[in-house]
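Asks: My questions will all concern the structure given below.
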Amino acid sequence: MSARGPAFGLLLLLLCPVQVFSQSCVWYGECGIASGDKRYNCRYSGPPKPLPEDGYDLVQELCPGFFFGNVSLCCDVQQLRTLKDNLQLPLQFLSRCPSCFYNLMNLFCELTCSPRQSQFLNVTATEDYVDPVTNQTKTNVKELEYYVGETFANAMYNACRDVEAPSSNEKALGLLCGREAQACNATNWIEYMFNKDNGQAPFTITPIFSDLPTHGMEPMNNATKGCDESVDEVTGPCSCQDCSIVCGPKPQPPPPPVPWRILGLDAMYVIMWSSYMAFLIVFFGAFFAVWCYRKRYFVSEYTPIDGNIAFSVNSSDKGQAFCCDPLGAAFERGLRRLFAQWGAFCVRHPGCVVFFSLAFIVACSSGLVFIRVTTDPVDLWSAPGSQARREKEYFDTHFGPFFRMEQLIIRATNNQSHIYHPYPAGADVPFGPPLSRDILHQVLDLQTAIENITASYNNETVTLQDICLAPLSPYNKNCTILSVLNYFQNSHSVLDHQVGDFFFVYADYHTHFLYCVRAPASLNDASLLHDPCLGTFGGPVFPWLVLGGYDDQNYNNATALVITFPVNNYYNDTEKLQRAQAWESEFINFVKNYKNPNLTISFMAERSIEDELNRESNSDLFTILISYAIMFLYISIALGHIKSCSRLLVDSKISLGIAGILIVLSSVACSLGIFSYIGVPLTLIVIEVIPFLVLAVGVDNIFILVQTYQRDERLQGETLDQQLGRVLGEVAPSMFLSSFSETVAFFLGGLSVVPAVHTFSLFAGMAVLIDFLLQITCFVSLLGLDIKRQEKNRLDVVCCVQGAEDGAGVQASESCLFRFFKNSYAPLLLKDWMRPIVIAVFVGVLSFSIAVLNKVEIGLDQSLSMPDDSYVMDYFQSLSRYLHAGPPVYFVVEEGHNYTSLKGQNMVCGGLGCNNDSLVQQIFTAAQLDNYTRIGFAPSSWIDDYFDWIKPQSSCCRVYNSTDQFCNASVVDPTCIRCRPLTSEGKQRPQGEDFMRFLPMFLSDNPNPKCGKGGHAAYSSAVNILGNGSGVGATYFMTYHTVLQASADFIDAMQKARLIASNITRTMGLEASSYRVFPYSVFYVFYEQYLTVIDDTIFNLGVSLGAIFLVTVVLMGCELWATVIMCVTIAMILVNMFGVMWLWGISLNAVSLVNLVMSCGISVEFCSHITRAFTLSTKGSRVDRAEEALAHMGSSVFSGITLTKFGGIVVLAFAKSQIFQIFYFRMYLAIVLLGATHGLIFLPVLLSYIGPSINKAKSLATQERYKGTEREQLLNF
């Protein structure tokens, strides 16, 4: 017994390993039909069987680990074919990461073919099956337990969890796990793949996870590969996109700039407040010190505190003139004589002057027949040579212009959500109001009705089919419609499709929707429905483009549906463009009139903004006409000086006022005509702004000229022409000063690269110059004729009628306004106690404006361009409220890159083996920082999808063996073979000739159920193949910006995209190359101006001020200090304009910049006349000279430019257009009020303090000029 015991124990030890590791199967071959085309496996408990040789290729392809010895397996060739077919979906999504796919294949190869199945597979249910061919009874395996090691399951999940699905910009597991990728883990992923309710598994397989033997079973716990490990010597680890371990730590955006604060308060406020307080202390300290000094040493308390002792031309202190004084006096004398002689000539020969003036007007205005009006927004807002324009031109010529867009945003009026209960188990899923089946049917009816809209153009019918974007045409002529209904193939029957029985609904539109939002490119929804998600047009419909109002990525919570009809745009083809516009017009009319109580619709067509702008302009035309009519009426009445009712029609100057207005309008017409002759296009902003500007300048000059004459007395022996010549000699230098300085400033403003400012400056400069020339010629002649009419007592307007003689005649007189300025306003303003208050208030306002200077917003809210009652306003509001994706952005690689070399491919691709700083990888990284970069999604990459498409493991790339022509994956033909062999070399990326040989096939391949990677729909326009097929030209990689609402968002998005592209160009080493990478989005051409608008503003206003300074210092006779004071005052007006812009919510853009340039010119009118009058005054003190200048010129400036413009501006407040209310009413009102207050209040006070000393040479010249006349006594008081 003792000998037999050890022998028996030894036998047990020898038998145990054989029992544990023996090779035994649980099935072999396929038997009965499970469901649809899916079959059960046949129960088999014997040893593995040798695989027939015709299956060797398959086992090498799918399960190379089993290809050894006599290849004895537990599966036959048909099971391998079934395995390959069933793995096509995971192959398309997970093969990007070889380690992930290797582990997955391990799981399924062990399940299907492992020669040791019985160790970890336990059959739990079978049924008999009679083979109809052999009539043999076999046993189907209906249910199975699969024992899987937890270590293996977790390692497989970890290797796959980061893998991207580029076509949907989702994690691939979100498409393969039956739930969101975030909720997916190792166990529920494997459970879902083995659940027959997923539509793919033929029967139920229950996975049991354990690392220890359980119930006598040894779990399958094969070795795995991490995503950062290579599967073999040839294949590298997964890319950074698909494996976060490879990437290292997630990049962090730079911290936002720290606000500039002092003591916790805004630094600008603190600095300007402190500066203002310091100024007040110094200023009032000096004021009271001088006041005390004067009280102590001077008897009279009314002696001016500026210390400028009265100087008279008759005083004994003649003194010596400064070196520049005689030069200035000589220049002034020369201008007086020149204009006096010219004025006398015009009065003596009115017919000749008026005739030649009319001839000049007609000749110049005739150029209007060649006028070209620029209405294209691109030309209006973007300079032809700008970076955005060059990039747009490159994109349009290589890929075609960006499509036109017709879009609807639809909400359900019933806000009730509903709950979906998944079968057989799972958390309840809420669905938003518009995702109820009934609402979807109604929306589909609307969508179909829009598809059937017809329009007429040139007696031809235009349908959506004629103009729409159909990427697969002519194979598939379906229009691209980005709509959630395309998940249901735009079909009522598919929407109603469901699978169930009397008790339960296993799958319906809810199931399909939840799958499609995760896999929009899928051709089989992997549920019991088996409906495709791919749109009928052959491309994916991304959920973020067709759903709105959801939270995070819970698309089922959507509160709005978005339907977009992309329409072809045309590059330089007006005929086709107008056909599209004709259909859009019918589309707008249809949706406007569409009624459905269950739907609320916001919509816009491509032409909507232009249509609404035209409607807005027409609706505000009446308001504008009233504005100008009020100004014209005021001018006509205010020019006359009525002394008595009996002489009302004699002393009125209605005809002269109308003539002056016509001269102003003629100067505008001449300017337009001259530039039309030379081919400079006109913009709408010129038409809107220049009449206002020229009217301001022209009216001011008219009032100064006429009122100076009215206050003048004809000298003894002086004729009318001599008197008017002398008057013109007095005022024309001032008119010339203001007009010429404005002209030079505007012409220099033409150097601006901002199209609106450039065009405005050219037209404005010419109009102001012509207006001045016509005023000193034609208007002077007409004034002489009107005075002759008045002297002959003839009625105004009807000059052939003579009024009654009253003996009064034409006498010099002072108007009420002049007397008010002279006797009340000027003395009050220049009181000793008033002047410091004025200085303190204006410096305070200036300090405030400087403090908010950097807070003025940049940009232009597009909704401001729309009328308040426009349907587009509702669309803009819905756009910002519901949409979750911004405009598409294309990262363009210009022609020149070598895609056929491995190095060139690694620079751009994002998959296996690609550089960690490749183009696609950098955009992917940017999308992870979407709040900072404003890149919302990973890019669609044609080159990565091409590499997946051409893999020999895939069924996508095949050619006919006999002809070497492309064979689509849907074709069943034994002569179709793989494009590349299933060898180590064949599995590598194609290079050189291979790359170019198969690329056209990829770009022409339409997606189908057997291959969803065909690139025709997605990439046919993204890749330019050179004419001879030798290489790849320009290409693009598309993604989307995040939702952009405010102008600041658009500007920042463009800046960040350019920064990314610049970094890509640098990392690719293309700085010295002939090509580069640049981003393009349709809005860049409109928002690029804002990148430099601050610099443009400084440049334009600086050039204008510089020009005004130079011209003024020359024309004012080298009065340098007076010029400095005038320019400082104008600069204060401009700075205060920014303060008003901040207070009134006016942003800085091309429109407001044009207004600022214009305000610079108009400010000259408010300041130059008074400054020049101050320098010419011969009164003793600065206070007296300021008072005289304000009395004589201030009244004309106030009655001319101020009251004229104020009356016209107030009417603009009633305009319907928001852009008129904000950029014209508000800014024009600010220009006039700030100009008037600075010119008529601040400037005289400033001159009274620090104005230049009297020009002694000019005062002596004045004495000589009036010696012996009645005016001599006026100079000596």
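Cβ coordinates are placed from backbone N, Cα and C, and glycine is handled just like the others.
Pulled the feature table from Swiss-Prot, pasting it below:
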- Cys25-Cys74: disulfide bond (DISULFID)
- Cys31-Cys42: disulfide bond (DISULFID)
- Cys63-Cys109: disulfide bond (DISULFID)
- Cys75-Cys113: disulfide bond (DISULFID)
- Cys100-Cys160: disulfide bond (DISULFID)
- Cys227-Cys243: disulfide bond (DISULFID)
- Cys240-Cys247: disulfide bond (DISULFID)
- Cys516-Cys533: disulfide bond (DISULFID)
- Cys909-Cys914: disulfide bond (DISULFID)
- Cys956-Cys1011: disulfide bond (DISULFID)
- Cys957-Cys979: disulfide bond (DISULFID)
- Cys967-Cys976: disulfide bond (DISULFID)
- Asn122: N-linked glycosylation site (CARBOHYD)
- Asn135: N-linked glycosylation site (CARBOHYD)
- Asn185: N-linked glycosylation site (CARBOHYD)
- Asn415: N-linked glycosylation site (CARBOHYD)
- Asn452: N-linked glycosylation site (CARBOHYD)
- Asn459: N-linked glycosylation site (CARBOHYD)
- Asn478: N-linked glycosylation site (CARBOHYD)
- Asn931: N-linked glycosylation site (CARBOHYD)
- Asn961: N-linked glycosylation site (CARBOHYD)
- Asn968: N-linked glycosylation site (CARBOHYD)
- Asn1028: N-linked glycosylation site (CARBOHYD)
- Asn1063: N-linked glycosylation site (CARBOHYD)
- 1274-1277: motif 'Di-leucine motif' (MOTIF)
- 1-22: signal peptide (SIGNAL)
- 23-269: topological domain 'Lumenal' (TOPO_DOM)
- 291-350: topological domain 'Cytoplasmic' (TOPO_DOM)
- 372-621: topological domain 'Lumenal' (TOPO_DOM)
- 643-653: topological domain 'Cytoplasmic' (TOPO_DOM)
- 699-734: topological domain 'Cytoplasmic' (TOPO_DOM)
- 756-759: topological domain 'Lumenal' (TOPO_DOM)
- 781-832: topological domain 'Cytoplasmic' (TOPO_DOM)
- 854-1097: topological domain 'Lumenal' (TOPO_DOM)
- 1119-1123: topological domain 'Cytoplasmic' (TOPO_DOM)
- 1167-1194: topological domain 'Cytoplasmic' (TOPO_DOM)
- 1216-1226: topological domain 'Lumenal' (TOPO_DOM)
- 1248-1277: topological domain 'Cytoplasmic' (TOPO_DOM)
Asks: Rounded to the nearest Å, what's the C-alpha distance separating Cys74 (disulfide bond) and Cys109 (disulfide bond)? Just drop the number here, would you?
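Replies: Each residue's Cα considered, Cys74 (disulfide bond) and Cys109 (disulfide bond) end up 10 Å apart.
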Asks: Tell me the Cα distance separating Asn185 (N-linked glycosylation site) from Cys42 (disulfide bond), rounded to the nearest angstrom.
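Replies: For Cys42 (disulfide bond) versus Asn185 (N-linked glycosylation site), the Cα atoms are 32 Å apart.
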Asks: Looking only at Cys240, Cys533, Cys976, Cys979, the disulfide-bonded residues on record, which one has the least crowded Cβ, with the fewest other Cβ atoms within 10 Å?
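Replies: Looking at the disulfide-bonded residues Cys240, Cys533, Cys976, Cys979, the Cβ with the fewest others within 10 Å is that of Cys976.
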Asks: Does anything in the same chain, at least 6 positions from Asn452 (N-linked glycosylation site), have a Cβ under 8 Å from its Cβ, and if so what?
Replies: Thr463, Leu464
Asks: Is the topological domain 'Lumenal' (1216-1226) packed against any residues at least 6 beyond its ends, judged by a Cβ distance under 8 Å, and which are they?
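Replies: Hits for the topological domain 'Lumenal' (1216-1226): 616-617, 619-620, 623, 688, 863-869, 1140, 1144-1146, 1151-1152, 1155, 1209.
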Asks: Among the glycosylation sites listed here, Asn135, Asn961, which has the most company in the form of other Cβ atoms within 10 Å of its Cβ?
Replies: Asn961
Asks: Would you kindly give the Cα-Cα distance separating Cys914 (disulfide bond) and Cys240 (disulfide bond), rounded to the nearest Å?
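Replies: Roughly 9 Å, rounded to the nearest whole number.
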Asks: Calculate the distance in Å between the alpha carbons (Cα) of Asn478 (N-linked glycosylation site) and Cys25 (disulfide bond), and round it to a whole number.
Replies: 51
Asks: Which one is it: of the recorded positions Asn122, Asn185, Cys914, whose Cα lies the shortest distance from the Cα of Cys25 (disulfide bond)?
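Replies: Nearest by Cα distance to Cys25 (disulfide bond): Asn122.
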Asks: Just to be sure I understand, if DSSP states are collapsed into helix, strand and coil, how many residues of the topological domain 'Lumenal' (1216-1226) fall in each?
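Replies: So the counts come to 9 helix, 1 strand, 1 coil.
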Asks: Hey, does DSSP put Cys31 (disulfide bond) in a helix, a strand, or just coil?
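Replies: The residue in question, Cys31 (disulfide bond), is strand (DSSP, three-state).
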Asks: Considering Cα atoms only, can you say which of Cys63, Cys956, Cys979, Asn1063 is the nearest neighbour of Cys533 (disulfide bond) among these recorded positions?
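Replies: Nearest candidate: Cys956.
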Asks: Of Cys31, Cys63, Cys75, Asn122, Asn415, Cys516, which recorded positions are close to Cys1011 (disulfide bond), meaning a Cα within 10 Å of its Cα?
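Replies: Those near Cys1011 (disulfide bond) - Cα within 10 Å - do not exist; the answer is none.
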Asks: Compared by Cα position, which of the recorded positions Cys31, Asn122, Asn185, Asn961 is the closest one to Asn931 (N-linked glycosylation site)?
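Replies: Closest by Cα: Asn185.
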Asks: If you measure Asn135 (N-linked glycosylation site) to Cys243 (disulfide bond) at Cα, how many Å is it?
Replies: 52
Asks: If you count CB neighbours within 10 Å, which one among the disulfide-bonded residues Cys113, Cys243, Cys247, Cys957 has the smallest count?
Replies: Cys247
Asks: Among all the protein chains here, how many other CB atoms are within 10 A of the CB of Cys42 (disulfide bond)?
Replies: 20
